[in-house]
Amino acid sequence: MQTNTFSINRMRRRVIVNQVFKYIFIFSMSLALLALALLIYRILNQGLGSLNIDFLRQFPAPYPEKAGLFAGIMGSLYLMFLIAPISITIGVSTALYLEEYAAKNKFTRFIQINVQNLAGVPSIVFGLLGLTFFVYLFSLGYTLIAGALTMSLLILPVIVVASQEAIRAVPEDIRAASIAMGATKWQTIWRIVLPASIPGILTGSILALSRAIGETAPLIIVGAAAAIYTIPDSLTSKYTAMPIQIYNWTTRPQEEWQYLAGAGIIVLLIILLLMNSIAIWIRNKFQSRY
Amino acid sequence: MKNLKVFLIAALFVLSIGLLTACGTEEETGQNEDTTEENNTAEGKETEVDNEQELSGEIALDGSSTVLPIMEFLTYEYNQVKPEVETALNSSGSGGGFKKSTVGEIDFSNASRPIKEEEIALAGENGIELYELELAYDGLSVVVSQENDFLENITIDELREIFLAESGKTKWSEVNSEWPEEEIIIYSPGHDSGTFDYFNEVVLEENPMREGEGVTLSEDDNTLVTGISSDPYAIGFFGYAYYIANEDTLKVLGIDNGDGNPVKPNGDTIQDGSYSPLSRPLYTYVNVDYLKEKPQVHDFAVYALENAGAAAEQVGYVALPQEKIQEQINAINELAGK
């Protein structure tokens, strides 16, 4: 009898604890969703009125009604076209070396940990690095290529880590099978490992690129212009980027600029969402399970 | 599987091209930079002979975010008249601008404070001379919330007691017994801004400002505006343009500089200097060598001065008197040998 009430009490307590945690989790999720909904509502509310074709086509201007994001959009796209090849080539190569070639010893682990740490370094630090190396040491000046190289450095660790995960997920069995068929290491990598890991690598890379497109701090340091009336025509051109223009508008006192900033944020969000959708699409399309 | 391979090859192809171009440019850039100046001067001589309208080349500007709106107006309008000249305008703060101008990286260095001795010295070491141009006036406005009912005017001494760390006063009643016994909430621009530098110089006289509880520092002036307007016991300061843009939620205080005659900032009092000591000129510093060598720099300098008044009005600052503008244009022409 006594044991019976004891176990019923225990049961009841477990059920209550279960319920409590369920509601805590639901509450946390709603908080996150609420924040997202508020953000989207505020931005749409503020920016939708200023968002039109002219806004996408015009250069910055001292008059809110004539100002546009064109220089920023083009600048950001040019940056992407430079950052993507640079960072993905170097990043994937690094990951391949670490996973496939490097001996599994303390030194490799040390590099591994440092790459992971680098992924968490604040972006402003990469800006300072870019300023010291690309702008001054390589005397690239405040140019498009200096900005692109800096941003490539910024997202490189993220790409390395993501690619490593993807490469590691390729089963050892099919590697062994390939080697057993007489393939060299490189043939195995090229024909077996890379095709199998490409979805993971590209997903990681595109997410990293999305981070780069939204960054402001490093670009300010390596000298992206606040107001410019030409789009880059060479790697050594002056440039600006979307977040720089948006930031510039939010710091103005007059209310109209805040609306423009809102419109700019909408454009940036759309481009970000597009990039993320591409990442998801690639993952689904090329995914194959072993 | 075959699809994938094609995709992969295509991707790698694009990547390698990207890498090659990236590497290629690093070598080219150095040469480019060397030749740019020669090009500019060569073109300059031609255009001088030919026609002023065919000016081309680049103009690099950087500096104070306070001056940025004026400069944006000027570069934008200039671009309409002389589309061949490429202007690149940055805003990394007065100090950030001087960091670049004292090593000759930029043509114009915008500033909301005069150049410092050490910056002049640094420029001198690099063989660079910067010439000061005044573009407009800004009135540093000391503001409280519209809900504040006990303040209309304030003396410089009272400001010092409120803002100085050494005074140790944290309640309004401690500064003036007629004021309520409430905590003083301070909103101030961050220490990197020229606005803070200016306040620090003329009001605090380089003594440390109160910090910690009840003090908010922000580089974003809109944060200051929001904070002050919602708290009747808050006080803060920033550029005149920010007060004008938020007139309906803020109350600007008349400043009494000790003669018992408080003056509120407005277009007239700022221009004629009676709003003292809190009205300040906004500057741009032009590199004298570039002024002589690059015709587009001289052309823009003259254009900027001629249109600074319109620019100031558009963005909420106060224009210089016409004589002062003309004086500076003459000085510039003389410097450039024209």
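Cβ coordinates are placed from backbone N, Cα and C, and glycine is handled just like the others.
Remember, TrEMBL labels are computer predictions, not curated facts.
Look at TrEMBL and you will find A:73-278 tagged as domain 'ABC transmembrane type-1'. The transmembrane segment annotation in TrEMBL covers A:20-44, A:69-98, A:118-138, A:144-167, A:188-209, A:257-282.
Using the rule of three or more Cβ pairs under 8 Å, pairs at least 6 apart in sequence, the transmembrane segment (A:188-209) is in contact with the transmembrane segment (A:69-98).
Comparison of A:69-98, A:118-138, A:257-282 by number of C-beta pairs under 8 angstroms to the transmembrane segment (A:144-167) places A:69-98 first.
When Cβ-Cβ distances under 8 Å to the transmembrane segment (A:20-44) are tallied for each of A:69-98, A:118-138, A:257-282, the top count falls to A:257-282. Counting same-chain residues at least six beyond the ends of the transmembrane segment (A:257-282), those with a Cβ under 8 angstroms from any Cβ of the stretch are 42-51, 55-56, 64, 67, 69, 72-73, 76, 199, 202-203, 206-207, 209-210, 213-214, 242-243, 245-246, 249-250.
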